[in-house]
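Here's what Swiss-Prot has on this protein:
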SIGNAL    1-18  signal peptide
DOMAIN    35-157  domain 'FZ'
DISULFID  Cys40-Cys106  disulfide bond
DISULFID  Cys48-Cys99  disulfide bond
DISULFID  Cys90-Cys126  disulfide bond
DISULFID  Cys115-Cys154  disulfide bond
DISULFID  Cys119-Cys143  disulfide bond
DOMAIN    183-499  domain 'Peptidase M14'
BINDING   His245, Glu248, His377  Zn(2+) binding site
CARBOHYD  Asn278  N-linked glycosylation site
ACT_SITE  Glu469  active site, proton donor/acceptor
Amino acid sequence: MVPSLLLLLTGLFRATEPAPRCETGQETLGQCQTAQKAKCVDISLSSCTDVTYTQTMYPNFLDQKSREVIEYSSEYILISVLHNLLQGECNPDLRLLGCSVLAPQCEKDKVIKPCRHVCENLKKNCLSAFDAIDMAWPYFLDCDRFFAGEEEGCFDPLAKLRGEVAVEEDLPSDFPATFIQFKHHSYSQMVSTLKKTASRCSHIATTYSIGRSFEGKDLFVIEFSTKPGHHELLKPEFKYIGNMHGNEVVGKELLYTLRSICVQKYLLGNPRIQTLINNTRIHLLPSLNPDGYERAAEEGAGYNGWVIGRQTAQNLDLNRNFPDLTSEAYRRAGIRGARLDHIPIPQSYWWGKVAPETKAVMKWMRSIPFVLSASLHGGELVVTYPYDYSRHPMEEKEFSPTPDEKMFKMLAKAYADAHPVISDRSEHRCGGNFVKRGGIINGAEWYSFTGGMADFNYLHTNCFEVTVEVGCEKFPLEEELFTIWHENRDALLNYMEMVHRGIKGIVSDKFGNPIKNARISVRGIQHDITTAADGDYWRLLPPGTYIVTAQAMGYTKVMKRVTLPIKMKRAGRVDFVLRPIEIWPNKLLRRPMEDMYDQYDPLELFDPHAQHAQARGGSQQVREKPWWWSYFSSLDLHKPLWLLKQH
């Protein structure tokens, strides 16, 4: 009986004991444990002043006990910078949703949770935007943990935004299938939509990254074919590249829209689009320079000059950053029997500053047997073709043709003639200086420069590439994009169809085994192409009669006469069967001199998906963090490791 009475008295004493006094400084840090009942207080967080309510309560759902604690937290910093990180996508929606957790609504001294369905809908629409920048979904936006169902009396933190479309292309299901929004798209919006397109049409589309920019942004490609992700025998590979210069944004938006057209028209049964996708593997890289684009976008459409954002984050012009193989081609041109194709990258090139974007594209070119390509630029209305570097460097404007001059002119005209403005004969318009040339010009004859991507394509790979200046404004206003698209629509399709000109075939031995890297030569054209891994090849040729030779180490040489009629618009099939021959040992030791470059080729070891930006401190662990990690550099402790996907 006595022990029970003592326990009762002790309990009563503790119940009536005053709360411990706060030490100096503890109250402002939210560290006081008081018995005072929490009350509603006015919201004073600068990033949450536009919420639909006026009062909140501390501690919040994260047990942060004061305004000061919240403002110094990584969660609050995140919602404050989300607009910049996601380039405007899903904002202010995400910020308001975050505010509903960090500063929840308070009425009559009672906290009200935000609605779970609002969180779930926003996560569904915006998760891909986080994926695009390699960021995990924030833990404090866990829809099950910090949100409530409508039956529990929740509130909608996005009520005032109702009626607005939060995410591009997230439109009602009954919207017309042909609806397209013509606007400038941020990097995250672009990546999000590419992934959505591939997900919804996985039978004809897929996305992949060829590498990362200097600041860590993935260089995303969307591919269209009947077997996405795989090379198919005798099906040619085509690529479009946009936004090589960050401030030249029209090419990026054209490819963004072309992606939509390819999907819509294919599903609606359009014969032209279906024929293209069924017979071609198409790769669209909308933005090769996303870092530069960000800087240009900060200036704004219509206000951007000719410099801001043109270069990469390393201050490199990507169209001057490729190996100079053109000088080597000029040196070889006078040598009897010398080859002007598949010229190796010289060792001296790697001594300079090579952008990760450049390395990624070069490795991409090696991994896929591209046949035809175009790079979309802005600032003029003209189509240029190699060589871009003059035979005599001191002569800025000199006609400098490749051995495939006729074919390149045919390719350039295929785009120019299908473009209503480029083909317009009026000299009083943008691009009027090129009217007498039919809207096309040899690159070096316009102006000479070295290190260009088009010359590298031609001299290092099998691929033919032209450069298309798609408009006189580099960063036009959004209302101009609709007109620009309609001017370029048919030209884009017409040029893609040119990948089916010339001849194609398979080189094999007498047993039907494919022969890789066999050479296909055309008499009178000092430029060979080689067979792919499956022994298939594609040789772009204009109409005419040719003597075509196939040869490979250890096999006989086979020649065939080929005639391509003027009206022939499909590649002619020309197969070769090579017979083995005996090779003397001393001949096996002979190797072309240029093969010595293969002893040092950093491109083979280059990981295009590695992070490249150098961070403070220099430690390997810091350098591997994503580009957006620097936004949280002010936090000495409690850095948001929960935002790292690998954490």
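The backbone N, Cα and C atoms fix where each Cβ goes, and this holds for glycine too.
Features as recorded by Swiss-Prot, highlighted on the structure.
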{"residue": "Cys99", "record": "disulfide bond", "Cβ contacts under 8 Å, 6 or more apart": "Leu45, Ser47, Cys48, Val51, Ile79, Pro157"}
{"residue": "Cys106", "record": "disulfide bond", "Cβ contacts under 8 Å, 6 or more apart": "Cys40, Val41, Tyr53, Gln55, Thr56, Met57, Ile112"}
{"residue": "Cys115", "record": "disulfide bond", "Cβ contacts under 8 Å, 6 or more apart": "Phe147, Ala148, Gly149, Glu150, Cys154, Phe155, Asp156, Pro157"}
{"residue": "Cys119", "record": "disulfide bond", "Cβ contacts under 8 Å, 6 or more apart": "Leu97, Leu141, Cys143, Phe147"}
{"residue": "His245", "record": "Zn(2+) binding site", "Cβ contacts under 8 Å, 6 or more apart": "Asn289, Gly292, Gly309, Arg310, Gln311, Asp317, Leu318, Asn319, His377, Gly378, Lys474"}
{"residue": "Glu248", "record": "Zn(2+) binding site", "Cβ contacts under 8 Å, 6 or more apart": "Arg310, Leu376, His377, Gly378, Gly379, Lys474, Phe475"}
{"residue": "Asn278", "record": "N-linked glycosylation site", "Cβ contacts under 8 Å, 6 or more apart": "Thr226"}
{"residue": "Glu469", "record": "active site, proton donor/acceptor", "Cβ contacts under 8 Å, 6 or more apart": "His377, Gly378, Gly379, Glu380, Leu381, Val382, Val383, Thr384, Gly431"}
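Same-chain neighbours of the Zn(2+) site beyond His245, Glu248, His377, judged by a C-beta within 8 angstroms of the site's C-beta center, are, in sequence order, Asn243, Met244, Asn247, Gly251, Arg310, Asn319, Leu376, Gly378, Gly379, Lys474.
On the 0 to 100 pLDDT scale, the domain 'Peptidase M14' (183-499) averages 93 in the predicted structure. Here the recorded positions are Cys90, Cys126, Cys154, His377, and the one whose Cβ sees the fewest other Cβ atoms within 10 Å is Cys154. Residue counts for the domain 'FZ' (35-157) by DSSP state, with H, G and I taken as helix and E and B as strand, are 53 helix, 14 strand, 56 coil.
Neighbour density for Cys40 (disulfide bond): within 10 A of its CB lie 18 other CB atoms from the protein chains shown.
Asn278 (N-linked glycosylation site) falls within a helix when secondary structure is assigned with DSSP.
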